[in-house]
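Dumping the structure here so I can ask a few things about it.
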Amino acid sequence: MRALDSAPTAHLYVCGITPYDATHLGHAFTYLTYDLAQRVLRDSGHKVLYVQNVTDVDDPLLERADRDGLDWRDLAAREIALFREDMTALRMLAPDSYVGVVEAIPMIVDMVAELVDRGAAYHVDDDLYFSVAAAPAFGEISHLSRAEMLAICAERGGDPGRGGKKDPLDPLLWRARRPGEPSWPSPFGPGRPGWHIECSAIARHHLGGVVDLQGGGTDLSFPHHECSAAHAEVAAGARPFARSYVHTAMVSLDGHKMSKSRGNLEFVSRLRRAGTDLAALRLALLDHRHTADWEWSASLLTDAVARVGRWRAAVALPAGPDAQGVLAAVRERLADDLDAPGALAAVDAWVDAALADAGGGPVGGSVGVGSSGGSLRGSGGAASAGGEAPALVARLVDTLLGVDLEPVRPRGS
């Protein structure tokens, strides 16, 4: 985050979902990280331009649609709508642009053509591949050995064993039309794009030259981000594609990373249907560093429900301790590589002091919460102490952490 301090506008690009199933907590944790990044940047005075793609044509989507007897476009539309509902429910700040691969086909074709013109692409049968030899910096993002790259490439959608390639690591740029698959016309023949070139083209078209922050899960570091950067840099004849990368750690359930293939998933939509306090769910996710893998359990949500209850009780008090200290502490922790658990601990300290001063019991009433995702600059002075302190802390929690401290009203009330 500190690398962006001098830029008036921060350009964020985050790799989005492949919409063939509902949003699980691993997805939610990933997008929460970049929601938090947006909030910190806006609070520090930056404008933010945020683009997120949607991989709305890809093998897993086509396979699921075929399995379920659905048109792949209908399946994608349904799951995209559910994903956006889940993100809104979790109070994620929406990207300025959601861009589907299907709508981006013309710009993707243009970038593939540029790579062909630069001699960085070649045919294997009717498919078109990118030559990693054209990208001298290939490998600098993931810092993996060649042996590691080959193993991971095979696990994550690559085809290192395909004959005819110049290098086993060369990624697919354009897949020639296959029977029963969607395809689009291009100068290289009808087909559809490879995975990595999609993000290269979308990011360039919507964000211009260099992306300030490129995001996604740790499983996207290689091959996806490595290859996307290589495509963009060779096409532009300049580097870097992105000034910084933030890769979000994996969330596990039952001892394994949450994954659609394994089926060990906790869905946001299921928790919503069960009437889960979504402020508590957001707190449960925020209580983990984005840099370390962690395990989800129901007890985390139970603890978060109790925690948000204490926070709501504290901000409903008629007065409280000075809020300037907690405001400074939350900003300091978030500026340190988005240390959300540290920021929550700072709020806990203020809440404990407020409840102790009030005798430990909650007081009725509610606090008006400020507009989420803005800036707290200018808050302070006499307004940060006494009767104004609870409202300022509520606004802090809303604006910087995205947690709504309005009392939860029972269904049907």
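Just so it is clear, glycine is given a Cβ too, placed from its N, Cα and C backbone atoms.
Pulled the feature table from Swiss-Prot, pasting it below:
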type    : residues                                                                                       : note
BINDING : Cys15, Cys199, His224                                                                          : Zn(2+) binding site
BINDING : Cys15, Gly16, Ile17, Thr18, Thr30, Asn53, Val54, Thr55, Trp195, Gly217, Thr218, Asp219, Val251 : L-cysteinyl-5'-AMP binding site
MOTIF   : 17-27                                                                                          : motif ''HIGH' region'
MOTIF   : 155-160                                                                                        : motif ''ERGGDP' region'
MOTIF   : 257-261                                                                                        : motif ''KMSKS' region'
Is it possible to list how many residues within the motif ''ERGGDP' region' (155-160) are helical, extended or coil according to DSSP?
1 helix, 0 strand, 5 coil
Around His224 (Zn(2+) binding site), which of the listed binding-site residues (Ile17, Thr30, Val54, Trp195, Val251) come within 10 Å, judging by Cα atoms?
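Within 10 Å Cα-Cα: Trp195.
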Round to a whole number and give the Cα-to-Cα distance in Å for the pair Trp195 (L-cysteinyl-5'-AMP binding site) and Cys15 (Zn(2+) binding site).
11
Want to know which binding-site residues, from Val54, Thr218, Val251, are within 10 Å of Cys15 (Zn(2+) binding site) at Cα; which are they?
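Val54, listed in sequence order.
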Around the Cβ of Val251 (L-cysteinyl-5'-AMP binding site), how many other Cβ atoms lie within 10 Å? Please give the count over every shown protein chain.
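Step by step: centre on the Cβ of Val251 (L-cysteinyl-5'-AMP binding site), count other Cβ atoms within 10 Å, giving 23.
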Quick check for the class: what is the C-alpha distance, in angstrom and rounded, between Cys199 (Zn(2+) binding site) and Thr30 (L-cysteinyl-5'-AMP binding site)?
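With the alpha carbons as reference points, the distance is 17 Å.
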If you count other C-beta atoms within 10 angstroms, which of the binding-site residues Thr30, Thr218 is the most crowded?
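Buried the deepest by this measure is Thr30.
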Over all shown protein chains, what is the count of other CB atoms within 10 A of the CB belonging to His224 (Zn(2+) binding site)?
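Result for His224 (Zn(2+) binding site): 23 other Cβ atoms within 10 Å.
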With every protein chain in view, how many other Cβ atoms are within 10 Å of the Cβ of Val54 (L-cysteinyl-5'-AMP binding site)?
24
Over the span of the motif ''HIGH' region' (17-27), count residues by DSSP class, listing helix, strand and coil in order.
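Across the motif ''HIGH' region' (17-27), DSSP assigns the residues as follows: 3 helix, 1 strand, 7 coil.
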Within the same chain, and leaving aside Cys15, Cys199, His224, name every residue whose CB is within 8 angstroms of the centroid of the CB atoms belonging to the recorded Zn(2+) site, in sequence order.
Asn53, Trp195, His196, Glu198, Gly216, Leu220, His225, Ser228
Check the DSSP secondary structure of Trp195 (L-cysteinyl-5'-AMP binding site), expressed as helix, strand or coil.
helix
Sorted by position, what residues of the same chain at least six away from Ile17 (L-cysteinyl-5'-AMP binding site) have a C-beta under 8 A from it?
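Set apart from Ile17 (L-cysteinyl-5'-AMP binding site) by at least 6 residues yet with Cβ under 8 Å, we have Thr23, His27, Val54, Thr55, Glu79, Ile80, Phe83.
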